[in-house]
Amino acid sequence: MKNILKNEYDIQQMRISGKITANVLEMIEPYIVPNASTEDIDKICYYYITQVKQAIPACLGYKNFPKSICISINDVVCHGIPNKKLLLKNGDIVNIDVSVIKNNYYTDASKMFFVGSVSKKNKLLCKIAKKSLYLSLKCIKNKKKINTIGKIIQQYVEKKNFSVVKEYCGHGIGKNFHEFPHILHFYNQNDYIIMQTGMIFTIEPMVNEKAPFVHCMEDGWTVKTKDGGLSAQYEHTILVTKHGCEIITHQKNEKIPKILFNT
Ligand code: MF3
Ligand code: CO
């Protein structure tokens, strides 16, 4: 197996990078309002990442992605491209996905925002997506099986009568955007990989209101639900520790603690 374990120096650098990613998601909140253009939101993030934090937006230019962040609204599952003609409107649910590089270390996180007043039904979808991520964090610890993550997420989401997108998964992350191992958000009994202290990976479940099926638009990026149902996603970069995990991209307003001690 490739060496996928981080040393103390790597971990310190990932904490620095992760704090910047978290700060972007905290900073952007007041700008998520009706009539805001997604291009303006992207520009604010670009300025903050490059000028305030002296970091690099990892999405910009990645496989020719044209913007600094992904903004995915309502039935857009992921990889929505900011655009000056694309405005937020009252009632939208919006995922903002931020990846930064600081001192050559990548971190990745996303969360949902509500534009104006959002329906109870749509808030519930977001709540279930967030809780599926949080529940999975409680099973992370040195020596546990990685496929427990997907098992927990899928069981919880399907019990709530929502569905899990199967086409996109979490990933190891460090000096590269995407590293080994793959983190599926559904159960795979053939995945025997074991978590180890010093592994860092993302968990980023995409949860659909209706069917799990998705398709990619002509722009080559924007992924939407096939049936037009809404989709929600939360993502964190996670460090596996001896006794649990550390949320590398933890944000101030989160109810879950940054460091988890798991059984
Ligand atoms: N944040 C996404 C991930 O988890 C990256 C999207 S690639 C982009 O891999 F180019 F669209 F940004
Ligand atoms: Co990711």
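Placed from the backbone N, Cα and C atoms, the Cβ positions cover glycine too.
TrEMBL labels come from automatic prediction, so no person has curated them.
Neighbour list (His178 (substrate binding site), Cβ cut-off 8 Å, at least 6 residues apart, same chain): His171, Gly172. Taken from TrEMBL, the feature substrate binding site covers His79, His178.
The divalent metal cation 1 binding site feature in TrEMBL is assigned to Asp97, Asp108, Glu235. All chains included, 26 other C-beta atoms sit within 10 angstroms of the C-beta of Asp108 (divalent metal cation 1 binding site).
Feature annotation from TrEMBL assigns divalent metal cation 2 binding site to Asp108, His171, Glu204, Glu235. Taking a C-beta cut-off of under 8 Å and a sequence gap of six or more, Glu235 (divalent metal cation 1 binding site) has these contacts in its own chain: Asp97, Asp108, Ala109, Ser110, Lys111, Leu133, Gly170, Thr202, Ile203, Glu204, Thr249.
Positions annotated as domain 'Peptidase M24' by TrEMBL: 13-242.
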In sequence order, those binding-site residues of His79, Asp108, His178, Glu204 whose CB lies under 6 Å from ligand 2: Asp108, Glu204
Tertiary neighbours of His79 (substrate binding site) (same chain, Cβ under 8 Å, six or more apart): Phe65, Cys70, Ser72, Asp97, Trp221, Thr222, Val223
Binding-site residues listed as Asp97, Glu204, least Cβ neighbours within 10 Å: Asp97
Environment of Asp108, His171, Glu204, Glu235, the listed divalent metal cation 2 site - residues of the same chain whose CB lies within 8 A of the CB centroid: Asp97, Ala109, Ser110, Gly170, Ile173, Phe201, Thr202, Ile203, His236, Thr237
